[in-house]
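Feature list (source: TrEMBL):
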DOMAIN    B:5-266  domain 'Pterin-binding'
ACT_SITE  B:Glu48  active site, proton acceptor
ACT_SITE  B:Asp59  active site, proton acceptor
Amino acid sequence: MQQVFPDIKGRFGDFGGKYVPETLMGPLQELEEALDEAMSDQAFLDQYHHVLKEYAGRPTSLSYADKLSKQLGGAKIYLKREDLNHTGAHKLNNAIGQGLLAKRMGKKKIIAETGAGQHGVASATVAAKFGLECKVFMGEEDIRRQELNVFRMKLLGAEVISVSSGNGTLKDATNEAIRYWVANCEDHFYLIGSVVGPHPYPRMVRDFQRVIGDESKKQFLEVESELPDRIYACVGGGSNAMGMFYPFLQDPCELIGVEAAGKGIDTPEHAATLTKGTPGVIHGSMTYLMQDVNGQITEPYSISAGLDYPGIGPEHAHLFQTKQVRYESITDKEALSALQLLTEQEGIIPAIETAHALAQAFKEAAEMTPEQTILINLSGRGDKDMATLMEHFQEEE
Amino acid sequence: MLTQTSFQGKLTKTEDLFIPFVVAGDPTPELTIQFALRLQKAGADILELGVPYSDPLADGPTIQRAAQRALQQNMSLTKAIELVPKLREAGVEIPVVIFTYYNPVIQMGYDRFFEMLEENGAEGVLIPDLPYEESEEIRGLAEEKGVEFISLVAPNSDTRIKQIAEHAKGFLYCVSTLGVTGGSNQMSAETLSFIKKVKEHSQVPVAVGFGVSTNEDVQLVREHSDGVIIGSKIIRLIEGELEAFENGQEEEALERFYQEIHQLVK
Ligand SMILES: Cc1ncc(COP(=O)(O)O)c(C=O)c1O
């Protein structure tokens, strides 16, 4: 029989667990109990799926990228359109799940960390919808490059708290959110945005994101009558990838996670955690991370705020170690050309995070045959990235 | 009866303990030695020697700043442990507890870590992000090597209090309030009953920390527990003297530091 992960200690093989200050052990225990109870209550699951359908607009479509497939001359390319999800990315699926759980637990205040701002926007959205108070921790640098999302969060009624420690990116925002939670755990729910953090977060976020893979499988079988040969997703913390991959883990599809290579994995400026990192503990979880020989966490770099993170979810570390998923990395430059190509050929402007998955998929699709099929998780739309894109393409001119 | 306290025989007292915390290398390794000497003179019984970390989850802004200053001095787990014999040479005789986040220990590896503690004569270790459930292996190793593995217990540890307290070694670090280091100290009726509960189950001295910053706080903690842990307040005193150190007024600054500590714990 296939072993079920995580085990009762929250481990995915060698990874996962709870490496947190003692003050968080109580709140994590409380969360785990509430989660287990909710997930075995059909009424809760029905409510979650109902909100996904009538509020978020799910199921999202599966689009066949016909023009692009022809142009690349290889495999047939399908796109799972999480960009069409309400608020423009997969992040809302998880925020809805955790928001409903917060309400069920009687917590009226939520806190969240955000990088690209998509999770912050998703959290602010569910806070507005479910009548919760919301604080979003965001790094200074990310506030600069994701200005539009900062405004969206404020408009939605959330308080955005600027974090200046470190590089002022997602890692630092997460530290600060955890610290705030430690001090305020009695009445606050910490709504983590990816499959990271201490147990039970990686499992919870995966289970609220697996709707992506579940829908994809059904939709793909309807149009192609068989499963895709390869499935691609970008990996920051790893939630859109875990959500997409999880329902396919026992299937004969090849799964490919794509990390950010920034300015190149041979430079210090990248965020390719599995490609270049080593095992250790970050944000309460044993996983792979980017660190120096003394075990100090190093600062990552990527043009995309959502992938600019020195860790990765522990389940990915396990899937990497056991070779169930292949992990590749894509530079800023490659991602931006893929973004342009998709925009020109299919009329879809993807998020820069997503463009990393596209770039790897396009490279490989061209080498495949027209009888083969691939599926790409189009995790989000590019609206939030307009300022970065303008800056970049103007520099090029 | 408090039976398990020893720190290799160096700790003979089991009550009224003063346990200060400094960050190794803040602002320089040499000054860390000088602060330790003044703390010992002011009555410190055990020294918590903090290893600076890039991402200190349990710490507030004060200790974060101290860690940043120390990291700029290239302080590391290795160098912090190697500071112990230098402390001894300078005259620091009290037991030293290495206070480090878990990740640097993983990178060093348990074997090398305990080898280094032994070679350099550190008597204890405290890892704030390694809770009871994740620490079985290292607790076993520490016991084998005669190193005190210090555990923490918090007001919301709840049903785990008994388990943690019964297995505690060295002393038991009682986090008095929820939050990161450097917050304000409150001794509500709830806190007092929590400390009492911890004491019922503990075989080692129960010391209270987080937010102790005035002599009144110290008196209050003393009255209800076996020891007081002071961290952020000490770091703030050090911060207050940074300019003096830069201006070469080291002796005066160290004397002021000593006087402040003396007043704090008298
Ligand atoms: C559109 C989009 N895709 C991907 C990510 C990366 O996160 P994850 O790896 O958790 O899916 C983000 C994060 O902000 C995002 O906004």
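Cβ coordinates come from backbone N, Cα and C, glycine included.
Mean model confidence of the domain 'Pterin-binding' (B:5-266) amounts to 94 (pLDDT, 0 to 100 scale).
The Cβ of B:Asp59 (active site, proton acceptor) has 26 other Cβ atoms within 10 Å, all protein chains considered. Taken residue by residue with DSSP, B:Asp59 (active site, proton acceptor) is part of neither helix nor strand, so it is coil.
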